[in-house]
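Record features (TrEMBL):
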- 20-38: transmembrane segment (TRANSMEM)
- 59-79: transmembrane segment (TRANSMEM)
- 91-109: transmembrane segment (TRANSMEM)
- 150-168: transmembrane segment (TRANSMEM)
- 180-196: transmembrane segment (TRANSMEM)
- 216-236: transmembrane segment (TRANSMEM)
- 242-261: transmembrane segment (TRANSMEM)
- 281-299: transmembrane segment (TRANSMEM)
- 311-339: transmembrane segment (TRANSMEM)
Amino acid sequence: MLEMDLRLLLPSLVPSSQSVYVLVFYFVYLAVAGEILPGKVIRGVVLSDGSQHRYRCNGLFALSLLVAILGISAKLGVLSPLVVADRGLELLSATFIFCVLVTLVLYITGRTSSDKSSSLKPHVSGNLLHDWWFGIQLNPQFIGIDLKFFFVRAGMMGWLLINLSILAKSFQDGSLSQSMILYQIFCALYILDYFVHEEYMTSTWDIIAERLGFMLVFGDLLWIPFTFSIQGWWLLHNKVELTVPAIVANFFVFLIGYMVFRGANKQKHIFKKSPKTPIWGKPPVVVGGKLLASGYWGIARHCNYLGDLMLALSFSLPCGISSPVSYFYPIYLLILLIWRERRDEERCAEKYKEIWAEYLRLVPYRILPYVY
């Protein structure tokens, strides 16, 4: 049986010319739309050499226009709305190949660069796998496009497009359920909210501190859209009927998670831009003039992670509890965020020293108050 499944699976992983065309069209559209569509221009954080990147935050406009173009194309019969749902594995393998190729190019250009700026200065450990995985340059660009910002945008939009294609297939197959609708609503709200507040991304750890290597490129382009949509794929083949109390409880998990996640990120972003802005109606508590210990950030040192985990759980709850497969995303995210939180704290302890010790005294909990 396993051999038969593999014989059926392996051919579907081979990228077809159509899947390559879809991927190329997607990246070209995002590159062009990102440059020409109007949007708020945000200055990034000040780097160690005093430079600042500029980010055009027009993701919501670009996403809305793309969905409209695809909808019109589907209506005219130019493009099937099921192209992603029917060729998901092909697109996954094509994306993986692209991730490997682009990170090899990033590695080579990083190793050969003699640039001294904060954005492009090479950070080479000498270990090929380490440098390829974690990256060598902070903010590499291609024809003027900031690749790190571009890739995370592509991943978030790709997640929504995969979900919409799954929704179309579910509707066509007559398998549309309350659970599928609930999952689609939560994900769509989360993704749209991301683009409404896209400027907050410019002050996150990924943008300001992580170098661009395979870890980020793979995470943005493949992991986000293809694994965060597992619940949709699962619901496409498994119908789950939820009780009214279960639906209400699911909504509460989503709303509380959203409130904590968005509120914490907004507070941190505003603090970085204007450190004296009141938080919850009071002057912010700041340790050593650098570390925020007010609002959500006075409850736990990574309170935004708690909100993110609750949101991830809300995406899986519509699937019921019959299979662990549909809970892959929140389980993975829990492991990832604990690992990332530990890495963040090691860096902060080294960077802030005695200030960090004082901050730990004021905010003793890492993610979940009184538990962790």
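Any Cβ shown, glycine's included, is placed from N, Cα and C.
Remember, it's a predicted structure, so these values are computed and weren't measured experimentally.
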Quick check for me: are there 3+ Cβ pairs below 8 Å between the transmembrane segment (91-109) and the transmembrane segment (180-196), leaving out pairs under 6 residues apart?
no
State the non-local partners of the transmembrane segment (242-261) in its own chain: residues 6+ outside its ends, Cβ under 8 Å from one of its Cβ atoms.
178-179, 182, 186, 189-190, 193, 296, 303-304, 306-311, 313-314, 317-318, 320
For the transmembrane segment (216-236), sequence-distant contacts whose Cβ falls under 8 Å of one of its Cβ atoms, 6 or more beyond its ends:
85, 88, 91-92, 95-96, 98-99, 102-103, 106, 135, 148, 151-152, 154-156, 158-159, 161-163, 166-167, 169-170, 173, 175, 177, 179-180, 183-184, 187, 206, 210, 315-316, 318-319, 323, 325-326, 328-329, 332
